[in-house]
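Copied over from TrEMBL, here are the features:
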type	residues	note
SIGNAL	1-31	signal peptide
DISULFID	C111-C116	disulfide bond
BINDING	R207, T209, W220, S266, H269, R307	FAD binding site
ACT_SITE	C411	active site, nucleophile
DISULFID	C411-C414	disulfide bond
ACT_SITE	C414	active site
Amino acid sequence: MAPWRRFSAGRLTRLHFQWIVICFAVLLSYANNPSGYFYTDSSAEVSDERFCFCQLQGTIDDCSCNIDTVDYYNNVKIYPRLKSLLVKDFFRYYKVHLNKECPFWVDDSKCAMRFCHVEHCEEKDIPPGLKGDASSYHKYIKEVQTLTNCNEDLDVELGYLNTSISDKAHKEFQRWADYDEAQDNFCILDDHEPGAQYVDLLLNPERYTGYRGESARRIWSSIYLENCFQAHSVKKKNAYSAMIPYQDMARNEVCLEHRVFYRMISGLHSSINIHLCANYLLSEKGSFGFVAPTGVWGPNMEEFERRFSPHMTDNEGSHWLRNLYFAYLVEMRALAKAAPYLRNEEYFTGLEKDDREVKTAVKDLLTVIEGFPAHFNETAMFSGGTSAIKLKHEFREKFMNISKIMDCVGCDKCRLWGKLQVQGMGTALKILFSGKFDDKVDTGIGTRLKQPPPSLRLKRGEIVALFNAFGRLSTSIHELEEFRQRMR
């Protein structure tokens, strides 16, 4: 019997109908996609692209470690420690001047949104050890705070000299000392200036406030157009076109010092963008439709893609994300280099139990950081005689200008976090390149400071900014992993 006779007429009718539907679907897909026989699901392509552009792999440029190594070390070991440390009083209270005039242009673009506002601390909220004149670090030395005999002199010889030198002369000496110290700084320190106030960083978290438009673009344009080393003589038209293309750096058309400067600024820019995307103002109304006093905040995937996806950034977005890792490694190297000095700090707030816990936590964090297997090697930079000295001076001056630009930010909360992160990065550069932290010993896995001399000292504001700035980069790497999980 012929095979077709095994089927009934009804079965043949259903089979014919199914084949007709399949053939029609194939013809329809061909009509919609004449360039190829099989239709490709464009949504799948978009999904792959969305996932791939932030799935970074391989080595970090100008460093000797892999992305995966940093992801693991940060997300498992460093980020949890920083998260618990930075909520402590010593690190959460930051003194800053937010009312300085912009030195470069007339700034009439203050953000009017309520989320741009910064809440300052009341006097009663500030820990006792932080109150007083912050212009001298002696205010924060434990021995001074706990001195019971007012007639006791910590240094007899200095006391003798104080009786024979006028107050005016002492002020001049301090001015000279401040000037000498400022020559090592890579950023402006203004916590000692009239108008500086303490800010509780936990009450003023970094997030997207709605500050955008020409004023915000002008900030980054000024940074990239005027303060970055230009690889080409052609005048750029906007901030993004002034960013050095990755291929130029990959072909070694830009020297190491210029690459480091650019990658640090680009890494900071990427980190800030990730924070804004992860803490985006989703709505000003609560679940019942009423205006929420604090707003509704959360991750914004569309904004993240807009800032980093290949088709929105001329294929540069993934390289900007890699620069985040580079900035992270540079700041981590600074903490490792200054670890012996930072271990000797008292982290004094006047609250004995808290101070003891902070000192223990800092020592633990520094031990973990020192154990990182592939630190950034800063000794390869600025080596070459007179030209290297000139290049370091130019490097420092350009970063100093960037710290001044932070006073031009129109959103107070953005200005706060911009100044803190730039100051933290500047403190890291000071540790790496001022020479004061270069009395080193080989540990087998890198170099670190020997016991620091008594004269070596960072101001409290520098230490607070250094740890918080590194905390922001660490948080960005952690949040980047969360964005990857959402895209999967």
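The backbone N, Cα and C atoms fix where each Cβ goes, glycine too.
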Recorded positions: C111, C116, C411, C414 - member with fewest neighbouring CB atoms within 10 Å: C116
Spatial neighbours of R207 (FAD binding site) among the recorded positions C111, C411, C414 [C-alpha, 10 Å]: C414
For H269 (FAD binding site), nearby residues of its own chain (Cβ under 8 Å, 6 or more apart in sequence): W220, W320
Cα distance (Å, whole number) from R307 (FAD binding site) to C116 (disulfide bond): 21
Intrachain C-beta neighbours of R307 (FAD binding site), sequence separation six or more, cut-off 8 angstroms: N273, C277, T313, G317
Chain-internal residues near T209 (FAD binding site), provided their CB is under 8 angstroms and they sit 6+ positions away: C111, M113, F115, C116, L281, C411, K413, C414
For FAD: widest Cα to Cα gap among R207, T209, W220, S266, H269, R307 in Å: 21
